[in-house]
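As given in TrEMBL:
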type	residues	note
ACT_SITE	His94	active site, proton donor
BINDING	Tyr26, Ala57, Leu58, Glu59, Cys86, Val87, Ile88, Asn119	5-amino-6-(D-ribitylamino)uracil binding site
BINDING	Glu91, Thr92, Arg133	(2S)-2-hydroxy-3-oxobutyl phosphate binding site
Amino acid sequence: MAEAKRSITKVEGAEGAHILVIEARYYEVIGEALWLGASRALSKAGATAERINVAGALEIPTAIVIARDAAEAAGRPYDGAVALGCVIRGETSHYDIVAGESARALMDIAIADGFPVGNGILTVDTEDQAMARAALDRGDKGGDAVRAALGLVALKRRLAAGA
């Protein structure tokens, strides 16, 4: 895998953000690698997080809505969410359905509700590809998803402040 240069390594304006991280644990080792990058990025940004595990990628969007609504009702709203997981291509069309529908549902949440969401669901052909993208010292896609969500949180804050 070619090493991509990151254009966003730190997010300004998202300090103190409270982020919901929903993680599909179907591929435990890959999920843990994604979480490692995500947690490091959250810490560097001065953000807090609540981590919730679900079975697979298709459950992530529903879990985001359930947890977001419950937190808001309890007076502890999230500023945004991050989806972490992995979908590995198999021999059937299941991959296409899970990859496409999970991404579509995340975009639906973000667009319809103006709720910042970072998509860290890997869609790959092999476990080796997934680890190359998830590993902190290689792809760090968990960190990338956090930085994407925090960038949207910062944008929302800036625009709400009239800047």
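Our numbering is plain: 1 for the first residue shown, then up by one each step along the chain.
In case you wondered, yes, glycine gets a Cβ from its N, Cα and C as well.
Annotated features taken from TrEMBL, shown on the structure.
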{"residue": "Tyr26", "record": "5-amino-6-(D-ribitylamino)uracil binding site", "DSSP (3 states)": "coil"}
{"residue": "Ala57", "record": "5-amino-6-(D-ribitylamino)uracil binding site", "DSSP (3 states)": "helix"}
{"residue": "Cys86", "record": "5-amino-6-(D-ribitylamino)uracil binding site", "DSSP (3 states)": "strand"}
{"residue": "Glu91", "record": "(2S)-2-hydroxy-3-oxobutyl phosphate binding site", "DSSP (3 states)": "coil"}
{"residue": "Arg133", "record": "(2S)-2-hydroxy-3-oxobutyl phosphate binding site", "DSSP (3 states)": "helix"}
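With every protein chain in view, the residue among the binding-site residues Leu58, Cys86, Ile88 whose Cβ has the most Cβ partners within 10 Å turns out to be Cys86.
Cα to Cα, Leu58 (5-amino-6-(D-ribitylamino)uracil binding site) and Thr92 ((2S)-2-hydroxy-3-oxobutyl phosphate binding site) are separated by 16 Å. Per Cα geometry, Arg133 is the residue among the recorded positions Glu91, Thr92, His94, Arg133 nearest to Asn119 (5-amino-6-(D-ribitylamino)uracil binding site). Cα spacing between Glu59 (5-amino-6-(D-ribitylamino)uracil binding site) and Arg133 ((2S)-2-hydroxy-3-oxobutyl phosphate binding site): 22 Å, rounded to the nearest whole number. Among the listed recorded positions, namely His94, Arg133, the Cβ with the most fellow Cβ atoms inside 10 Å is that of Arg133. Note: the CA-CA distance between Arg133 ((2S)-2-hydroxy-3-oxobutyl phosphate binding site) and His94 (active site, proton donor) rounds to 21 Å. Cα distances from His94 (active site, proton donor) to the binding-site residues Tyr26, Ala57, Cys86, Ile88 are smallest for Ile88. When the neighbouring Cβ atoms lying within 10 Å are counted for each of the binding-site residues (Glu59, Glu91), the highest count belongs to Glu59.
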